[in-house]
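**Student:** Right, I'll just put the structure down here and ask away after.
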Amino acid sequence: MDFPRLLALLLMVLEWSRPGLPSPLRPICDLRVLNHFMKEARDAEVAMKSCGEGCTMSEPVTVPQTRVDFDVWENKNGLEQAEEVQCGLWLLQQGLSSLRTSVTDTALHSHIDNCIRNLLSINAVLRSLNIQEYTPPTSATGLEGTWSVTSATDLLQVHVNFLRGKVRLLLLDAQACQQDVS
């Protein structure tokens, strides 16, 4: 092994063994992943705004409220917060799937597909944090904390805001994502 590689290996070992440093966050808690998902959602929103024909929704879809009342949010227990986020993710997935079938512009299909895959990834992250799996209702009608949107850009804006708000708050507060400081 040549000297630069040996030095790099030695530095890595020394870095890992330094006492008194907080342990690194688990990869699932790294908010850079969520930031990447938000960037892709914004990219989809921008692409949708610049789309002319073939970019409309065939029917209104139910979406989660994105406004966060911090007093109410903090008074909810972790299970209630998780259910609210999971319900919102499910509603967004349903809305994006509906949008995917009504949009005829094939260039937008990849943006929408990315958004759907990202929502599924967030659900996988929540499961890995030992958050109980969400059982969706048979219908979105009558769900508390929802409203309807009729445009694709509104749907994608709700998607961005939901990730930026409630999903981020849930991940920041997750017990498994708290840094241990020794």
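Backbone N, Cα and C define each Cβ position, glycine as well.
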**Student:** Just confirming the record: what cysteine out of CYS29, CYS51 does TrEMBL connect to CYS177 via a disulfide?
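**Tutor:** Record-based pairing for CYS177: CYS29.
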**Student:** Could you identify, going by TrEMBL, the member of CYS51, CYS87 that forms a disulphide bond with CYS55?
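**Tutor:** So the cysteine paired with CYS55 in TrEMBL is CYS51.
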**Student:** Taking the Cα atoms as reference points, how far is CYS177 (disulfide bond) from CYS55 (disulfide bond) in Å?
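**Tutor:** Between the alpha carbons of CYS177 (disulfide bond) and CYS55 (disulfide bond) there are 39 Å.
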**Student:** Give me the CA-CA distance between CYS51 (disulfide bond) and CYS29 (disulfide bond), in Å, as a whole number.
**Tutor:** 35
**Student:** Around CYS55 (disulfide bond), which residues of its chain at least 6 apart sit with Cβ under 8 Å of its Cβ?
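**Tutor:** Those within reach of CYS55 (disulfide bond), by Cβ under 8 Å and sequence separation of 6 or more, are MET48, VAL103, THR104, ASP105, LEU108, ALA152.
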